[in-house]
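Chemist: My structure is below; once you've seen it, I'll send some questions.
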Amino acid sequence: MNRLGRKDNETLIEMSLATDGEDSNGPLCETISNTESELRSNSEGLSSTETSLLIPDHQVTGRRYNLFLKRRLRINKRHQSKDSVFFRDGVRRIDFVLSYLDDPNKEEEKKVERRREFEKNLQKAGLELETEDKKESEDGKTYFVKIHAPWEVLITYAEVLNIKAPIKENDIPPTVENPLDCMLEPFRLPEKVMHPEPDYFTAPFSKSRQELYLIDNESTFFSASRRNRIVYYILTRCPYGTEEGKKKFGIKRLLSNGTYTAAYPLHDCQYWKKSNDPNCDNERYTLYMEWARFLRFYKEQPLDLIRKYYGEKIGIYFAWLGFYTEMLFFAALVGLICFLYGLFTMDENMSSTEICAPAIGGEIIMCPLCDEKCEYWKLNTTCESSKYSHLFDNVATLFFAIFMGIWVTLFLEFWKRRQARLKYEWDLVDFEEEQQQLQLRPEYEAKCTHRKKNPVTQELEMVVKKKTLHENGKLFLCYIGIIFGISLIIASMIAVIVYRLAVYAAFASIMENTQTLQPISGLLTPQLATSVTASCLNFVIIMILNFLYEKIAVWITDMEIPRTHLEYENRLTMKMFLFQFVNYYSSCFYVAFFKGKFVGYPGTYTYMFSRWRNEECDPAGCLIELTTQLTIVMAGKQIWGNIQEAIVPWIWNWWGRRKARCNPENLYSRWEQDHDLQSFGALGLFYEYLEMVIQFGFITLFVASFPLAPLLALMNNILEIRVDSWKLTTQFRRPVAAKAHSIGVWQEILNGMAILSVVTNAFIVAFTSDMIPRLVYYYAYSTNEDSPMSGYINNSLSVFQVSDFLEGKRPENNPENFLTCRYRDYRYPPGHEKKYLHTMQFWHILAAKMAFIIIMEHIVFIVKFFVAWMIPDVPAEVKARIKREKFLTQKILHEYELNKLKQKLCECKTYENMEKEVIATEGKVELSQAM
């Protein structure tokens, strides 16, 4: 496969397969190990043909001299500190480490053969290996294979991966500083931490014109993150043999079948102290001291240093998380003001005043909450809950719902601008999905057995053959898995609803009959008690199903065999998000839009499965129950997430290091220290995004019911940034660096949730809260000009005649012989010709609700789209800098080409031919500039 369209370059896989069977006539590099090591045979030499595939012949002599030096250094190897990131010679840097156990069993011979073949092919690719025997490991059972990528390998694959390299220091003057920046000085980090590297003009690396780049030192020209990215690219494509008639390759397969136990790049030093090596940058130590400690929560994040150490993909995540947290501050502030408004006006709320008044609420007899066992009850028993309901169900709720609709648009638009600035600063302007398409997944490449002409390039490409009956059967199983997952979600949601209905009746009978509960019955109503317990149960079910959904989503995505890493991540993201969306939000949607909407009326109640009577809302409305549900699920998820992210890895690492902690530094090597840490995993960042996007849904989809949700999210995210940075720096192995120019498909998910949030909040205000019925009563049905809202509670309750109860539904006890009872609805009273039918006021309220939804949605959508149109995605200053940098880079490359042509003229070409080449080159540059 030709990554760059070059006919003279072979990929690692083609190279290794082409050289099988060559005779060996000389060593390229030596695999150093003790006598007991099984890898001693790996030191066999390679043929000159194999050597010349990626490494030029003229370097073999120098390698042989290095072998002599290495043999000499083996004598003094124990005098070198093992807390080092270099081979035993102290010169070659360890770019990657593989580990495996000496565990004799039936499969061990096969694993030994796989390792031998795999490491032999790694050597063919130009990598240099050094093995630490198990006797030198802390547990006495683990071998460590250290990998070093020499210069020729780095520059070869830097061109394959289109890595950009500096060609000139950036001389564009910086932007003018804001005079108000001095106020932010306490939140700033030192300049050296914020900008660890100078800013350069860059160009994609080319092996044929190395003199163009600013190469001061070959050993430090490529950063450690780029080096491990290159080595990992080779590891994922290196073959290790043929099994069952199929070609096998890639470190991922070897890890999954137990041939190796771990594969990871090294941290540069210990996080709590600097390295003894004067040449070490101590970036991990700096990140821990300036970023990963909670006491630095008020400081800005060193995004450039994060990007340099962990790669652009992790850097862009923390940039997004930090920006999201900053924007949450404004939403949290407005939400807090709305909550305080409800708190200060609680005593002025006429609805709760009438409910609590003995002459009004104390005289209103409500119909039983369940059949037969429940008794009649007085309205004023819900006094306290009605007061607390006003905290969230007031006129400020409408304002906050509209504000959040505009806030989410501002957040997404300003993030696009921030992202565009990062793309410029991190040399990602030209990094698009098309470049990621070049990086095919090894699992896809293994399935490519046919060639097909690309309609765009007109070149033959390897493609997957048409699906066989067996593969179609696998896809069928995938769809069955999806149906199973959806069915499980629906079943769990129905189970929780049934629990609510059954427990609701139990709570209603207990709380209204048992005198011992009277002291708390005012606050803990049957509705609230049911909501709290059901929310806790639902949260437990959510946590259990999450584990199952993850396995199903990963399994289905693997079966689909996506072509590229980008496609794989996007497909997995959509599946996981859809599963999690239904899992987390289904209970909130039920309380917001279904509970209390299909109850019926006394004598003609509706039942689920003809057994359980549907739940009723509290007389003060269902909004307080939605708030309870949202608070428990959201807060519980955040607390449990922080426990999973921080405490669980710490416990595992403590357990793994409990013996090694007593060992001195010279016995506990750098690769062993990192080996005892947890693996971040290929999907580690995926779960971080998923957690934040689910939280984003809580603060946008249902924020009208809980104005304090952004404040909870803000406090969680301040902690989340430091927890994520702490665990990444101290508890996890160093992840393999990866490039990314955006947050990917998560951006589209956020846009979709922003649009959906406008609809859900409009429906919550209209149908879940009591705002619209109160407004209709205020303007159309109130008869008291001095206090327009007085009489609202009596107006919102209909009358039912007790004698109309059906047999088997009538309460068993009626000691006071009540003739009528009240229930929450707008229906005609007994004796009316339209007995128990909906009144005209019901239809007026319904029409007002629908009109409100349409008006609110249109207003918010118009403002959203206008704001999005007004704010450009890329700042004008960044556009100008991008154009300027492209122009200067083009000029530098043009001058370089001219100088090369002049040198050729002096060597072997006539002036006439040379002049034509110069003119052609200048014309090409002018044309490209004009385009």
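Including glycine, each Cβ sits where the backbone N, Cα and C put it.
From TrEMBL, here are the annotated features:
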DOMAIN    86-303  domain 'Anoctamin dimerisation'
DOMAIN    306-885  domain 'Anoctamin transmembrane'
TRANSMEM  317-344  transmembrane segment
TRANSMEM  395-415  transmembrane segment
TRANSMEM  475-508  transmembrane segment
TRANSMEM  528-549  transmembrane segment
TRANSMEM  576-594  transmembrane segment
TRANSMEM  693-714  transmembrane segment
TRANSMEM  749-769  transmembrane segment
TRANSMEM  842-871  transmembrane segment
Chemist: If contact means at least 3 Cβ pairs within less than 8 Å, sequence distance 6 or more, would you call the transmembrane segment (576-594) and the transmembrane segment (317-344) in contact?
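Modeler: The answer is no, given that the two segments have fewer than 3 Cβ pairs within the 8 Å cut-off.
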Chemist: Can you find at least 3 Cβ pairs under 8 Å between the transmembrane segment (693-714) and the transmembrane segment (317-344), where each pair is 6 or more residues apart in sequence?
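Modeler: Touching, yes - the transmembrane segment (693-714) and the transmembrane segment (317-344) meet the threshold of 3 or more Cβ pairs under 8 Å.
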Chemist: Would you kindly list the residues that approach the transmembrane segment (528-549) from elsewhere in its chain, counting only those six or more residues past its ends and only Cβ-Cβ distances under 8 Å?
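Modeler: For the transmembrane segment (528-549), the nonlocal Cβ contacts are 385, 485, 488-489, 492, 495-496, 499-500, 503-504, 507, 511, 576, 579-580, 583-584, 587, 591, 615, 618, 624-625, 628-629, 632-633, 636-637, 640.
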Chemist: Please give the average pLDDT for the domain 'Anoctamin dimerisation' (86-303) in this predicted model.
Modeler: 86
